[in-house]
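Structure record follows, encoded as structure tokens.
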Amino acid sequence: MENASSVKEFILLGLSENQAVQKICFVMFLFFYMVIVAGNLLIVITVISSQCLNSPMYFFLCYLSFVDICYSSVTAPKMIANFLVENKTISFVGCIAQLFGVHFFGCTEIFILTVMAYDRYVAICRPLHYTTLMTRRVCGWMVIGSWVGGFVHSTVQTLVTTQLPFCGPNKIDHYFCDVHPLLQLACTNTYAVGIIVVANSGMIALSCFFILVMSYVVILVSLKSQTSKGWHKALSTCGSHITVVILFFGPCMFIYIRPSGNLSVDKSVAVFYTVITPMLNPLIYALRNKEVKSAMRKLWSRKVGSENGK
């Protein structure tokens, strides 16, 4: 990955330069990352091994949890390690790879969340056609489309960034390599590139968010004729998804639908969609969903029973 840059490595300044704060952050974010991996892995294993969780909603949830593990793993391990070392460097190639991974998995998650909203729309507004519209084949193509969309988006962001010359300062005021921090280090006018970046990320985030909002507006309108019991049942299936959408899309749109601003604010906001939301997703879906909790109990009792039977 050669370009006109003389910079061979970057220095990630991280969330704080205070040693005491870094030690606290190390313990805290290590715990968060362990919860992310364990919680999302539990969701994946539960959905795969449970016979009763075979609906499209859980099919998408399984992939969402897998993407969350990958997404947080792109940034969290490096951030956690940097809390303990003085030399917080990352190679140019490593930085670009991290940039690609963040946008690849982040954009894939946006598309999967959008597909999940469509699934809820069909389930609630067109229940009689649900099984014919949301077949396993259709769901599979939707997931493939999400991965391909994430790959295309990330490739554009990465190619645009790698064409920039980096010849001077190499300190990134962030805990991972992202487009906006890198644009501020480039030795050229990045106004045009910044417009491309905002258009690319912003249009995807805004258009998907618009589709999500419209899906739930239509769902709410269609529930007018339902009984209070029907309202409660429908909204309980959507509540978890709406919560995750707000937690993920809010910070994402704050960062990517505007030109780069105050990086110290940006990196604090980025913690929400790279760490907090992936950590909360399993808790939100497991604690609010009786079927998932029941499947987890059965899986656990089966595991305990097999161990006792040895």
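Each Cβ is built from the backbone N, Cα and C atoms, and glycine gets one as well.
Annotated transmembrane segment per TrEMBL: 20-45 (among others), in sequence order.
Taken together, the residues of the domain 'G-protein coupled receptors family 1 profile' (39-285) have an average pLDDT of 86. What TrEMBL lists as domain 'G-protein coupled receptors family 1 profile' is 39-285.
Per TrEMBL, transmembrane segment is recorded for 57-76 (among others). Tertiary proximity for the transmembrane segment (57-76) is limited to same-chain residues at least six positions away from its ends with a CB under 8 Å from its CB atoms, namely 29, 32-33, 36-37, 40-41, 43-44, 47-48, 98, 101-102, 105-106, 108-109, 112-113, 115-116, 119-120, 123, 136, 139, 142-143, 146, 175-176, 237, 274-275, 277-279, 281-282, 285, 291-292.
Sequence annotations record features per position, and here TrEMBL assigns transmembrane segment to 96-118 (among others).
Residues or ranges marked as transmembrane segment in TrEMBL: 138-156 (among others).
Within the same chain, residues 103, 107, 110-111, 113-114, 117-118, 120-121, 124-125, 149, 153, 156-157, 160-161, 164, 179-180, 183, 230-231, 234-235, 238, 242, 245, 249, 252-253, 256-260 sit at least 6 positions outside the transmembrane segment (191-223) and bring their C-beta atoms closer than 8 Å to a C-beta of that stretch. The annotation transmembrane segment is assigned in TrEMBL to 191-223 (among others).
Here TrEMBL flags 235-257 (among others) as transmembrane segment.
Distant neighbours of the transmembrane segment (269-287): 15, 29, 32-33, 35-36, 39-40, 42-43, 61, 64-65, 68-69, 71-72, 75-76, 102, 106, 174-176, 178, 240, 243-244, 247-248, 250-252, 254-255, 293, 296; these residues of the same chain sit at least 6 beyond its ends, with a Cβ under 8 Å from one of its Cβ atoms. Summarising the annotation, TrEMBL assigns transmembrane segment to 269-287 (among others).
Same-chain residues lying 6 or more positions outside the transmembrane segment (235-257) and placing a CB less than 8 Å from one of its CB atoms are 57, 106, 109-110, 113, 116-117, 120, 123-124, 180, 197-198, 201-202, 205-206, 208-209, 212, 216, 219, 223, 266, 269-270, 272-273, 276-277, 280-281, 284-285, 288-289.
Counting only same-chain residues 6+ beyond the ends of the transmembrane segment (96-118), those with a CB under 8 A from a CB of the stretch are 1, 57, 60-61, 63-64, 67-68, 70-71, 74-75, 78, 90, 142-143, 145-147, 149-151, 153-155, 157-158, 161-162, 176-179, 182, 201, 204-205, 208, 211-212, 215-216, 241, 244-245, 248-249, 252, 273-274.
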